[in-house]
Amino acid sequence: MYIVTGGAGFIGSAMVWKLNEMGIEDIVVVDNLSTSEKWKNLVNRRYVDYVHRDTFMDMVLHGDLPWDVDAVVHMGACSATTERDADFLMENNLRYSRMLCELCMETGARFINASSAATYGDGSLGFSDDDATMLRLKPLNMYGYSKQLFDLWAYREGRLDGIASLKFFNVYGPNEYHKGDMRSVICKAYAQIGQEGVMRLFRSCHPDYADGGQMRDFIYVKDCVEVMWWLLQNPGVNGVFNVGTGKARTWNDLVTAVFRAMDREPVIEYIDMPEQLRGKYQSFTEATMDKLRDAGCPVRFTELEDGVTEYVRQYLAAADPFL
């Protein structure tokens, strides 16, 4: 049995899609649907059961899991970089993850954890996923810090020898529609361009970057789940790994690709960055991918323009935009 936490969320539901593509339906989806629209991510998917997060955690605490678990793909977390409730993040992103990791170590199940590129802070220490760099990182927000704390715990307790913790960079693609302000700029741009014919980006607050010239490592969600599938097939590959393309692109590049995919000429305006983001905004991210490549991962990452075009034309513009 495969357990996917956050299985109704963005990357989690994409992982359920990938498992289905590989002929696997013995899947338990763990999530907290509440009043969100996440349930729509599951309509096209095949799985044997859905369990609420709190019920699942009670099962874990009391050793009452009714399944023979092959792997836990742990994508369940609060992923809002603007979340300010530190206690909530500690409980949801740190303690929850540690419990699942210990469960898998005890039972021999594969454990794949979602870390984040937010752990890299302002990027002044670079974006290397080696252990020495990890020990020195200073995240800019509580979300990144909660992810950093799990990686540090796993390192300190010797757990990184038996798990894979993945630092996802800027992920975009289908099934992110429920995320509100945390949706990718591609998703937001498609709606804004369709309604107004223009896309607005934040002005740069960094002297080294022009407006819209701030750079991110944008990775297509289908590539993320290809990496996770490969890790499921290669349980001897363990540690903290970056999951990006290794090639940073500008916000202007990204938005221009959306306009092109919509067969429109780019019209971009720049607005002031909100005060609460200043000093906490990464002007540049680019994954160092040597570690994953050296481990033998064969996944070829989708070029930005190709990924954006597929996302826009095959999903955002479709009657059924879901995987």
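Cβ atoms here come from the backbone N, Cα and C positions, even for glycine.
Features of the protein shown, as given by Swiss-Prot:
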- 10-11, 31-32, Lys38, Arg53, 75-79, Asn92, Lys147, Val171, Lys179: NADP(+) binding site (BINDING)
- Tyr143: active site, proton acceptor (ACT_SITE)
- Asn170, Asp181, Lys188, Phe202, Arg203, Ser204, Cys205, Arg216, Tyr281: substrate binding site (BINDING)
- Lys179: active site, proton acceptor (ACT_SITE)
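In this structure, Asp31 (NADP(+) binding site) is part of a beta strand by DSSP. The full span of the recorded substrate binding residues, Asn170, Asp181, Lys188, Phe202, Arg203, Ser204, Cys205, Arg216, Tyr281, taken as their largest Cα to Cα distance, is 22 Å. In the structure shown, the C-beta of Lys147 has more C-beta neighbours within 10 angstroms than that of any other entry among the binding-site residues Lys147, Lys188. Take the recorded positions Phe10, Tyr143, Tyr281: by the count of other Cβ atoms within 10 Å of each Cβ, the lowest one is Tyr281.
The shortest Cα-Cα distance between Lys188 (substrate binding site) and any of the binding-site residues Phe10, Asp31, Lys38, Lys147 is the one to Phe10. In sequence order, Val4, Thr5, Gly6, Gly7, Gly9, Ile11, Gly12, Met15, Ala114 are the residues of the chain that are 6 or more apart from Met75 (NADP(+) binding site) and have a CB within less than 8 Å of its CB. Looking at Cys205 (substrate binding site) and Tyr143 (active site, proton acceptor), their Cα atoms lie 22 Å from each other.
Most other Cβ atoms within 10 A: among the binding-site residues Lys38, Lys179, Arg203, that distinction falls to Lys38.
In this structure, the CA atom of Lys38 (NADP(+) binding site) is 20 Å away from the CA atom of Asn170 (substrate binding site).
Take the Cα of Phe10 (NADP(+) binding site) and measure to each of the recorded positions Tyr143, Asn170, Arg203, Tyr281: the nearest one is Asn170. Taking the Cα atom of each, Asp31 (NADP(+) binding site) and Tyr143 (active site, proton acceptor) are about 19 angstrom apart. Looking at Tyr281 (substrate binding site) and Tyr143 (active site, proton acceptor), their Cα atoms lie 13 Å from each other.
Note on proximity: among Tyr143, Asn170, Arg203, the recorded positions of the record, the Cα nearest Ala77 (NADP(+) binding site) is that of Tyr143. There are 24 other CB atoms within 10 A of the CB of Ala77 (NADP(+) binding site), with all protein chains counted. Of all the binding-site residues listed (Asp31, Asn170, Cys205), Cys205 has the fewest other CB atoms within 10 A of its CB.
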